[in-house]
Amino acid sequence: MRPQSAACLLLAIVGFVGATEWWESGNYYQIYPRSFRDSDGDGIGDLNGVTEKLQYLKDIGFTGTWLSPIFKSPMVDFGYDISDFYQIHPEYGTMEDFERMIAKAKEVGIKIILDFVPNHSSTENEWFTKSVDSDPVYKDFYIWHDGKINNETGEREPPSNWNSEFRYSAWEWNEVRQQYYLHQFAIQQADLNYRNPAVVNEMKNVIRFWLGKGVSGFRIDAVPYLFEVDLDRYNQYPDEPLTNDSVNCPDPDDHCYTQHIYTQDMPETIDMVYQWRELVDEFHVENGGDKRLLMTEAYTSFENIMTYYGNGVRNGSHIPFNFDFLTSINNASKAGEYVEHIKKWMDAMPEGVYANWVLGNHDNKRVASRFGVQRTDLINILLQTLPGHAVTYNGEELGMTDVWISWEDTVDPNACNSDPDNYYARSRDPARSPYQWDASSKAGFTSADHTWLPVADDYKTNNALQQLRAPRSHLQIFKKLVRVRKEPSFRQGELNIQAIDDDVIIYSRQKTGSDLYVIVLNLGSTSKTLDLTKYYELGTQAEVITTSLSSQYIDGDVIKSTEFVANPYVGTVLVAV
């Protein structure tokens, strides 16, 4: 083995402990319920639709599924604006439907993880209504401020220059209370005040409630926004400094126009994550059963992400999502960039925790659209053969692509706050189109004539049923990957990875005493003939476990290790024979 890989190999051993609990080295599937399966014919996915398809997920081999928000909501931000944290959204079903889903999940052996949205509530939440009325219990449940008077005009203005993620001021005037409230997302999503112990306790009660209903954990949304800087001695909030980026962010209404040093990543945020971990651990001790899981969503600095795991004294998130492949890698990235980001994560992890890899979600363009349809299998091979946890967004296993959605049909508030010329770049709707189950009307998603978002045009040739029936398909490759990922060398084996040129990544996975696997990924547009024995003790021959649809090889082929052909955009998993 080449000396340059030795450090990575050693760190893989340190950072990748032996899997013993259900969640360790898990394979997780994100369901966007509104688009997954509609059971009642209203054009909107629901819980009974999820229940109906749990066996499908189990047959693929997933450990668990996390559901985007299912709680009662006005649906301004499609569930991320919660009006009652203790109720199911009526379009999705009833509490009885939820309990039936939990029972079915236990029957088939798949874990249910809920999306927990702690930063804000809907302005239609009873808490907010009472806060507007200055109810003594709820008066300080949200971030309220009088604003400031403009010395030149004499008019009242927002307290600071903070902008919302969805553009424009993050402060909204309330006529009843005669104050501004903070909303870091939509106007209808009021930020909760985590400096108020009553808020902290209430949100812990929400966690306890759903744990009591039988969920196996939570994916925690938008964690960096939990706390804002405290008021200064003059009872004011400071303006954030400008980014002064006239090229990438010239519009003063955009969120990127300021540096978010007062509205994100406050030190108290990490402590809150640790408190939630203590809560779920205590629940496990008190109630038994399997351990409960915390995943965290935080688009933040790499250094911050590592603190989410824990600080050596207190534990934090089991899975602080690794978004490097979303934020730092694209279809033009070279092989060395992939390897650099993989090594960076593996090198930095605290001892005794697991890596994780997130390649897609409901907030980003789909994998096949970002990296190219021709790389669909290659990217899934990468995801499923790296150490640690794999997180798949619904539809990526089929190679679903983004759907073009007109300005008139756009419903995402992030895009709707833009204009007809710029909305599409901001819109998250294209990645949220209905799941493509079969070639029947509306892709088998619904019996309705209309769906909440348009169905993709290619559903008749690209759907789950067609791919299940085909001898070779994206889904068949994905299923093979999930199966082989359960082998000891993938669950507990060493990682030895390198880029041999700008296009080709090669790495091995092996546990002592178990099979040696070699993975070859050719990101480029030209074939490469490789002598794999120069890099790994593979022997003269190797067997193809699985490979991309466009490969010249098929599963089961025995190839010469010294003359392996890596076709363009093809990934291949090999095992020594």
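Positions of Cβ are set from backbone N, Cα and C atoms, glycine also.
Taken from Swiss-Prot as is:
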{"type": "ACT_SITE", "residues": "Asp221", "note": "active site, nucleophile"}
{"type": "ACT_SITE", "residues": "Glu297", "note": "active site, proton donor"}
{"type": "CARBOHYD", "residues": "Asn119", "note": "N-linked glycosylation site"}
{"type": "CARBOHYD", "residues": "Asn151", "note": "N-linked glycosylation site"}
{"type": "CARBOHYD", "residues": "Asn244", "note": "N-linked glycosylation site"}
{"type": "CARBOHYD", "residues": "Asn315", "note": "N-linked glycosylation site"}
{"type": "CARBOHYD", "residues": "Asn331", "note": "N-linked glycosylation site"}
{"type": "SIGNAL", "residues": "1-19", "note": "signal peptide"}
{"type": "SITE", "residues": "Asp363", "note": "site 'Transition state stabilizer'"}
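Taking the features listed in Swiss-Prot, we show where each one sits on the structure.
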residue: Asn119; record: N-linked glycosylation site; DSSP class: coil
residue: Asn151; record: N-linked glycosylation site; DSSP class: coil
residue: Asp221; record: active site, nucleophile; DSSP class: coil
residue: Asn244; record: N-linked glycosylation site; DSSP class: coil
residue: Glu297; record: active site, proton donor; DSSP class: coil
residue: Asn315; record: N-linked glycosylation site; DSSP class: strand
residue: Asn331; record: N-linked glycosylation site; DSSP class: coil
residue: Asp363; record: site 'Transition state stabilizer'; DSSP class: coil
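If you take the Cα of Asn119 (N-linked glycosylation site) and the Cα of Asn244 (N-linked glycosylation site), they are about 28 angstrom apart, rounded to a whole number. In this structure the alpha carbons, written CA, of Glu297 (active site, proton donor) and Asp221 (active site, nucleophile) are 5 Å apart. Summary: among the glycosylation sites (Asn151, Asn244), the fewest other C-beta atoms within 10 A of the C-beta are counted at Asn151. Recorded residues Asn151 (N-linked glycosylation site) and Asn315 (N-linked glycosylation site) have their alpha carbons 49 Å apart, per Cα-Cα distance. The recorded positions shown are Asp221, Asn244, Asn331, Asp363; of these, the one with its CA atom nearest the CA of Asn315 (N-linked glycosylation site) is Asp221.
A distance of 28 Å separates the Cα atom of Asn244 (N-linked glycosylation site) from that of Asn331 (N-linked glycosylation site). In this structure, the CA atom of Asp363 (site 'Transition state stabilizer') is 18 Å away from the CA atom of Asn331 (N-linked glycosylation site). Of the glycosylation sites Asn315, Asn331, Asn315 has the largest number of other Cβ atoms within 10 Å of its own Cβ. Of all the recorded positions given, namely Asp221, Glu297, Asp363, the one with the smallest number of surrounding CB atoms inside 10 A is Asp363. In this structure the alpha carbons, written CA, of Asn331 (N-linked glycosylation site) and the residue listed as 'active site, nucleophile' are 27 Å apart.
Of all the Cβ atoms in the protein chains shown, 22 others lie within 10 Å of the Cβ of Asn119 (N-linked glycosylation site).
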